[in-house]
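As recorded in TrEMBL:
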type	residues	note
DOMAIN	507-700	domain 'STAS'
TRANSMEM	68-92	transmembrane segment
TRANSMEM	98-115	transmembrane segment
TRANSMEM	122-140	transmembrane segment
TRANSMEM	160-179	transmembrane segment
TRANSMEM	186-208	transmembrane segment
TRANSMEM	214-233	transmembrane segment
TRANSMEM	245-264	transmembrane segment
TRANSMEM	276-297	transmembrane segment
TRANSMEM	317-337	transmembrane segment
TRANSMEM	394-414	transmembrane segment
TRANSMEM	452-476	transmembrane segment
């Protein structure tokens, strides 16, 4: 076992400050920060250009011979997947399938120049597509007239929906761009992995239900809002007998084959040079079969149809969709940033959250101008781009070129593709999100507040819709944070025998607790919301209410003074002696309660009262067996003004009942704040602060010795022995 020997003086904070001179640091003012921010020179201009256009940085180090071939293979593979997913995810957005190809093209081009991740594949994301679809069906429902908006006149229902999708995407892009310029990329940190997992699981259930109408070949109007999933299921089951058998058989066949091959891809991914593009293969086969057997006419199968032309967004829709656009902006960025972070760590490069916001904001703004809908990234598509050897966003650029070729040259070949095939592909790809439900038992065993966040977010998102569900989940998550900070697990510590280590006294058997000493630890910041909880737990730890004891003592002094004045109490060699035999009534004068809260005053008494001995006249005062209290502030990161007032009041109450209070391991920032807020006075002094818990304990044992002048804190039989020496230094000696 490794050992160490330490010999140093016993330090209070004041003693340490006196002995070790601190460096005085000049803190920059707000004016200085503003001036520095707007100062421009050649170096800052160069850094700004590289920050705004990150592709310049990696293009300068691009290894043409080693990387180009990998990027080409990756770009082609990703492009084929992007075409299929673009078509499929358009159905989630309640749009004609071809608009997904615009989302797989325009945002990718913009992200190539502005994005900092080299491996994510930009384009449609199923959860985001579903959120767009909720807005689309609200403003342009399948049943009934659309919302009265200027610009809808003369447009078909599909064109109105495309305009709504593009407009909400444009607004979403503006929000993302604004957040990036304002440097608030940290906002995504409030979406924990648990919340995102519960939210995406709920979204997967919404997606599954939304695709049932394509798989079954039913005409079901799109619904949005609270309980829309229940109403959708009701409409599906009401007309379940009208199921198109051709669509159902095709979908089941596609799902079975795609699922099996995907499992093969996962199991043998180390041996396969590239994953088998089974979705693309099955789509091509389905197109051929549908065209050969004329599914659209003979079996009444709904097919993809012709490619539309782009249109411009409508600014009037912004006011109708602002509430939905903000959570879309957050979710789209959060998902993309999470995926980008995974690959940046794996391949050892840095991504910038604020620049990612700018990149996605610009991508969605430009994309919306050409009628694409909300873009983010999909984990499965990004996995294809990375696993097939993609090194940079040149692979993304090539995937966009593949999409462009399909859109302009060979798109007509996909016109016979049944929508049920796209629905089947979407459902199969939900496996990863749906399997997240397996996290619930683990979370319940390991962290129940996190489990509550997961379950509430998931249920709220399923029943209330994704936008309200996300808001509810975020609220519950913040409540759990407040709950943990407001009600922390406070503990009473004890010395682990033979060491200078202090742990929760309930967790260990071999502990040492000097008589009359309590060590209390609070493992959180102290602020307005938990200061009363802190004081309550402190009272529990010491075993008495200091304010109640103080008032009892002052009431007892009133009674003693009254008896002395009447001559019923006299001073003898044995102390105060009661001379009368009648019953003595305790003073109940409540006319001045403030006096009862003041320190006990013995100045007009012939003797100082020992409160732990038997008092005359049957006066009863609660006994206090604690002479020293140590507050461990090692985990206290800040105190607000309310906490300062509450802490000072608690310290004064303890000091006034003759309990010596010591605060240890206090952060420098908190000490500076205490001095600046005039925290110290004649009762609460800076000398109560000690550098470490063990320094305070040794100081107490020197002041209140247990056995002898050289008091051993720990027995010699243990590995470490601490001794207080006459020169007030602490030796920590090790033994084998």
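Positions of Cβ are set from backbone N, Cα and C atoms, glycine also.
Bear in mind that TrEMBL entries carry predicted annotations, made automatically and left uncurated.
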Selected stretch (most C-beta pairs under 8 A with the transmembrane segment (68-92)) from 98-115, 122-140, 214-233, 394-414, 452-476: 394-414
Cβ-Cβ under 8 Å with the transmembrane segment (317-337): same-chain residues at least 6 beyond its ends: 117, 120, 122, 125, 127-128, 131-132, 134-135, 139, 147, 149, 163-164, 167-168, 170-173, 175-176, 179, 185, 187-188, 191, 196, 199, 351, 353, 356-357, 360, 364, 374-377, 466-467, 470-471
Residue numbers, six or more beyond the limits of the transmembrane segment (160-179), whose CB comes under 8 Å of its CB atoms: 93-96, 99, 132, 135-136, 139-140, 146, 151-152, 185, 187, 308, 311-315, 317-318, 321-322, 324-326, 328-329, 332-333, 357-358, 360-369, 371-375
Maximum Cβ pairs under 8 Å to the transmembrane segment (394-414) - stretch from the list 98-115, 214-233, 245-264, 452-476: 98-115
Chain residues in Cβ proximity to the transmembrane segment (245-264) (below 8 Å; excluding those fewer than six residues from its ends, i.e. six or more beyond): 214-217, 276, 278-279, 282, 286, 295, 299, 301-302, 418, 420-421, 423-425, 427-428, 431
Arithmetic mean of per-residue pLDDT over the domain 'STAS' (507-700): 86
